[in-house]
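S.K.: Just passing along the structure, written as structure tokens.
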Amino acid sequence: MLISVLKSKISYATVTGKDLFYVGSITIDSEIMKQANIIENEKVQVVNLNNGERLETYVIKGEPNSKTIALNGPAARRCEIGDQLFIISYTQVDPTRENIKPKLVDLKTGD
């Protein structure tokens with residue numbers, strides 16, 4: 001048996017763009033992805049702090065150091081530019097495994 005646990009969390013990501021007619025996904029600056037240990041096409045949960053919306057999508061790699069956080073496709077209707085997001089990924093682990101340390105990136109403080 002496996003359980004889902006927090007793998008990575010990007011806190012206080014600011015929406016910089018949205019493209020309603022793109023196929024789908026969230027575009028994230030590749031440097032932020034690297035800091036958070038999130039890879040391209042990984043499934044993530046997106047939580048919008050401004051309106052309480054939650055959604056699941058997959059990640060597209062954005063230009064490095066661009067600070068891009070852009071929701072694409074139908075997800076673009078769930079946010080506005082300037083909204084603050086939590087972007088969360090999970091992994092499956094054996095429940096007997098201890099000392100699982102998620103990668104946390106806080107864009108508000110720069111940690």
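Cβ atoms are placed via backbone N, Cα and C, with glycine included.
Annotation source Swiss-Prot lists active site, schiff-base intermediate with substrate at Ser25, citing sequence analysis. For Tyr58, the entry in Swiss-Prot reads active site, proton donor, with the evidence type sequence analysis. Feature annotation from Swiss-Prot assigns substrate binding site to Thr57, Gly73, Pro74, Ala75. The pyruvic acid (Ser) annotation in Swiss-Prot covers Ser25.
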S.K.: Can you figure out which of Ser25, Gly73, Pro74, Ala75 (the recorded positions) comes closest in space to the residue listed as 'active site, proton donor', comparing Cα atoms?
M.R.: Ser25
S.K.: How many angstrom lie between the most widely spaced Cα atoms of the substrate binders Thr57, Gly73, Pro74, Ala75?
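M.R.: Overall maximum Cα spacing for these binding residues reaches 10 Å.
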S.K.: Using DSSP and three states only, what is Thr57 (substrate binding site)?
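M.R.: For Thr57 (substrate binding site) - judged by DSSP and reduced to three states - the answer is strand.
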S.K.: Could you give the Cα-Cα distance between Thr57 (substrate binding site) and Ser25 (active site, schiff-base intermediate with substrate), in whole Å?
M.R.: 5
S.K.: For the C-alpha pair, I'd like the distance in angstrom between Gly73 (substrate binding site) and Ser25 (active site, schiff-base intermediate with substrate), rounded off.
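M.R.: Taking the Cα atoms only, Gly73 (substrate binding site) lies 7 Å from Ser25 (active site, schiff-base intermediate with substrate).
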S.K.: Quick check: which same-chain residues outside Thr57, Gly73, Pro74, Ala75 lie with their CB within 8 A of the centre of the substrate site CB atoms?
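M.R.: The surrounding set, listed in chain order, is Gly24, Ser25, Ile26, Leu55, Leu71, Asn72, Ala76, Arg78.
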S.K.: Ranked by the number of other Cβ atoms within 10 Å of their own Cβ, which of the recorded positions Tyr58, Gly73, Ala75 ranks first?
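M.R.: Buried the deepest by this measure is Ala75.
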S.K.: If you count the C-beta atoms lying within 10 Å of each candidate's C-beta, which of the recorded positions Ser25, Thr57, Pro74 ends up with the smallest number?
M.R.: Pro74
